[in-house]
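Here TrEMBL flags 12-29, 66-84, 96-115, 148-165, 180-198, 207-228, 240-263, 270-286, 306-323, 361-386, 398-417 as transmembrane segment. The annotation domain 'MgtC/SapB/SrpB/YhiD N-terminal' is assigned in TrEMBL to 15-137. TrEMBL lists 185-391 with the feature domain 'DUF4010'.
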Amino acid sequence: MNEIVKWMPDWFFLLILSILIGGIVGLEQESYHRKIEEKHFGGIRTFPLISLLGFSSEYFLRSPVIVAIIFTCFSLMIVGEYLYEAFYFNRKGITTEIAGLFTFVIGVILAKGYVIEAVSLSIIITLILSLREFLHGFVEKYIYKKDISAILKFLVVSAVLYPILPDKSFTFLKLNPRSIWLMVVLISSISFAAYFATKLLGSKKGILITALFGGLMSSTAVTLAFSKRSKEAPELSCELALGVILASSIMFIRQLIVMFIIYPSISYKFAFFSIIAFLVGLAFALKRHKSGNEVVEVEFSNPYDLTHALFFGAFYTVVLILSRLAHTYLGSKGIYLLGFVSGFADVDPLTISMSQLSKTGIININVALVSIIISSITNTLIKGVYATMFGHKNMRGLIWKAFIAMSIISVGIVLGVKFM
């Protein structure tokens, strides 16, 4: 292949490539519109010509003004064609026309010598076009109006709030408003990814799959839902207990992801603990898991819900303030105590604050790590208490065996960290 390209003139190679790129997009459009027997703007012939038009305009004319004029004329032609079909054939979609404009731009990019970028862009466009049925079906089945509303409100507030928040530290506590909101966006985004996956794969795919993705978002919510379900269906108690264990185990992986994003150095130290804790929980779940497709619905709130995000931001700010005060007046013991107390509610605010404070050198990295592990142990045991209070007696023993095993290993790691 290299030998062929070597003797082939650059312009000719790029020209052939522009035709092939347009052909790929056109082939996808041709096959789809032929399948649904719908009148369409372009296909296997039109798109290579569009790409060729963009390539020729840039490569041979070498004038940004002329390229802009040609693109404007082409765009007006596309708009006119769409309006004609919309009025006379009641066409509503505009995806094909947008793909045509992108194909012209790809031709221009290719003429400038950005081969990898042009090919990558064409693959992405073709992939998006080919996934139309899957994407439309997913939105119709899984995405509700309230979810879209929550996402839009969050994005609007973030777009307005983030730029105007001061990017400097205030008071002796050194609180940075922009940094705090950035952490809210981070946690909300990770939770939304899990929320999205749960909607796609979770609640209809059985207990353990629900626990796996639900645990990435809220292991406490999974624990409460599964515990209450065990009272209604005692015969599922064992399987539900395994779901609680798995959800609680995946929490450690979530913490690891958050720490890696904020401060990779502390995540490397935490990795051994989180992976061991996860594997212990996973071993319990898989060892006793019986095949089945029992379904348990878990109600998760959208992580982009503005109230939820603001509450988390307030909680995180409080933990950050307490972290600095505890370190100032109580030293490392205060940090450990804070880890224990915060574990009763949520591990994320403490995980973030410890990662940030150790990154800036305010708190020793080992002290921060021990505090995070203490918080994780506390939170895990609290979920055991929830299962005992709200769950059937048949699920309690299995949950406590797993949680105690995870806690003993955690304590061992804490002692190892302290005396390293």
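Using the three backbone atoms N, Cα and C, a Cβ is placed for every residue, glycine included.
Note: TrEMBL annotation is automatic and uncurated.
Remark: the transmembrane segment (270-286) contacts the transmembrane segment (240-263), by the rule of 3 or more CB pairs under 8 A. The transmembrane segment (12-29) makes no contact with the transmembrane segment (361-386): fewer than 3 of their CB pairs lie within 8 A, with pairs spaced 6 or more apart in sequence. Counting same-chain residues at least six beyond the ends of the transmembrane segment (361-386), those with a Cβ under 8 angstroms from any Cβ of the stretch are 219-220, 223-224, 227, 244, 248, 251-252, 255, 259, 265-266, 269-270, 273, 277, 323-324, 327, 332, 335-336, 338-344, 346-347, 350-351, 354-355, 399-400, 403, 406-407, 410-411, 413-414, 417-418, 420. When pLDDT values are averaged over the domain 'MgtC/SapB/SrpB/YhiD N-terminal' (15-137), the model yields 82. Shown for the domain 'MgtC/SapB/SrpB/YhiD N-terminal' (15-137): DSSP residue counts in helix, strand and coil, namely 103 helix, 0 strand, 20 coil. Stretch with the largest number of CB pairs closer than 8 A to the transmembrane segment (180-198), among 66-84, 148-165, 240-263, 306-323: 306-323. Of the candidate ranges 66-84, 240-263, 306-323, 306-323 contributes the most Cβ pairs within a distance under 8 Å of the transmembrane segment (148-165).
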